Amino acid sequence: MLPYIFFIIVLLFSTVFDKTKFEKLTFLILSLFLLTFSAFRVGGTGPGDYDAYLRLYSKIVNWESVIDPTIHAELGFRLLSFIGNATGFDGQFIIFSMALLAAIPVLWLINKYSYYPIVSLLFWTPYFLTMNMHSSRISVAVSFGLLFIISFYESRKLSSVILFLIAISFHSSAICLFLVFLTCFTYRTLLVLIVLAFLFGLVFNPFFLIANVFSLIGMDHIAWLIKSYISSEDYGYPMKLYDPRIILSLMTTLLIYNIRKSIIHGFDSYIFKVFFVGVFLMIAFSSVTIIAWRLSYFYLVSCVLVIPLICKYYNFRFFNSFGHIRMMSVFYSFVYVLYTLPIILGAQPYSFYFG
């Protein structure tokens, strides 16, 4: 637990270096720390996945095992495992390589687009701990999915296709990236969709219908995954309405909606709508927590860009009204620390590969 507490405290106090001459150096040091922290972990914040990755890695020792349909892992994971085994690395190779692939694209986007890069790292922390430190395959898919989302906005068609294929090669749930087209809707329409998803979810579980649709189009593996999660005692439970993930996401959505008329940059508006899509997915599939969490993460990871932008807009407003700078940044930072603490308290003990 202590390494995680140290981790969050360092991030919190480092946010004072945003918009200073030490910003770039601090961001670089923290990024290297995050990479090392996840790449050389033994175990993770939750049980099971680390050992499962090592078992799968040990099975993929030749090209025949790469194309073996009985091994339940996507092509990207198989190719990485094949490379690692072919070059003589032990099982930590797959953890190390996926940690880099899951973090570097997100860190690069933060460095390029975020108004407050160090604050972005703090806002990424709850996702980093629950996903990058536990569910590595989907974390890789999400990182390339975020690159796809940005590439889609910039109308780089070839890059978008390549990035989408990389994302789905690590986790089948990346199919939800097709919903990026929802960003063409207005804020009002997206908000209505979120409300309708909530009302629909009160009376109907959409997963049985979705699983049958995937079976009909030949994607039996995805259908099997959905049905297994639905029937699982560990994962098949619904999200509570008071779940902090829902409350925090809805709060962020309303803050965005409140400033929608003040948004002047096209990219700002687009990335805000990406977050709306994530909230829609979380609410629409809230009847099964793990699916809602994983699908929505493809879009909610945009929080690393979205929330610093929200802070930027509101910081200016509060400064003009009250004369205090970064009021919203401080508020959001403490909210996210409070959000992260239960994750830390419930996490498995951290172990270092070279420890």
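Heads up, the Cβ atoms here are built off N, Cα and C, so glycines get one too.
Worth saying up front: this structure is predicted, and the values here are computed from it rather than measured.
According to TrEMBL, the transmembrane segment annotation covers 28-46 (among others).
The feature transmembrane segment is assigned by TrEMBL to 88-108 (among others). Outside the transmembrane segment (88-108) by six or more residues, the chain places 31, 34-35, 38-42, 50, 53-54, 56-58, 77, 80-81, 124, 128, 131-132, 136-137, 139-140, 142-144, 146-147, 170, 301, 304, 353 with a CB less than 8 A from a CB of the stretch.
Per TrEMBL, transmembrane segment is recorded for 138-155 (among others).
The transmembrane segment feature in TrEMBL is assigned to 161-183 (among others).
The annotation transmembrane segment is assigned in TrEMBL to 190-217 (among others).
For the transmembrane segment (242-259), the list of distant contacts is 187, 191, 194, 272, 275-276, 278-279, 282-283, 286, 293, 296, 300, 303, 306-307, 310, 313-314, 335, 339, 342: same-chain residues at least six beyond its ends, Cβ to Cβ under 8 Å. Under the heading transmembrane segment, TrEMBL lists 242-259 (among others).
Residues 113, 149, 153, 173, 176, 179-180, 182-183, 185, 187, 190-191, 193-194, 197-198, 200-201, 205-207, 226, 229-230, 235-239, 245-246, 249-250, 252-253, 256, 260, 263, 297-303, 305-306, 309 of the same chain, all 6+ positions outside the transmembrane segment (271-291), place their C-beta atoms under 8 angstroms from a C-beta of that stretch. Residues annotated as transmembrane segment in TrEMBL: 271-291 (among others).
If you look up TrEMBL, you'll see 297-315 (among others) marked as transmembrane segment.
Per TrEMBL, the feature transmembrane segment maps to 327-347 (among others). Here the transmembrane segment (327-347) has Cβ contacts under 8 Å with residues 1, 4-5, 8, 12, 15, 18, 45-46, 116, 119, 122-123, 125-126, 129-130, 133, 244, 248, 307-308, 310-311, 314-315, 318-319 of the same chain, all six or more residues outside its ends.
Below 8 A, the CB atoms of the transmembrane segment (161-183) and the transmembrane segment (297-315) form 3+ pairs separated by six or more positions in the chain.
Where the transmembrane segment (297-315) meets the stretches 28-46, 138-155, 190-217, the count of C-beta pairs under 8 angstroms peaks at 138-155.
Under 8 Å from some Cβ of the transmembrane segment (28-46) lie the Cβ atoms of residues 3-4, 7, 10-11, 14, 92, 95-96, 99-100, 102-104, 107, 111, 118, 121, 128-130, 132-134, 343, 347-355, all in the same chain and six or more residues away from its ends.
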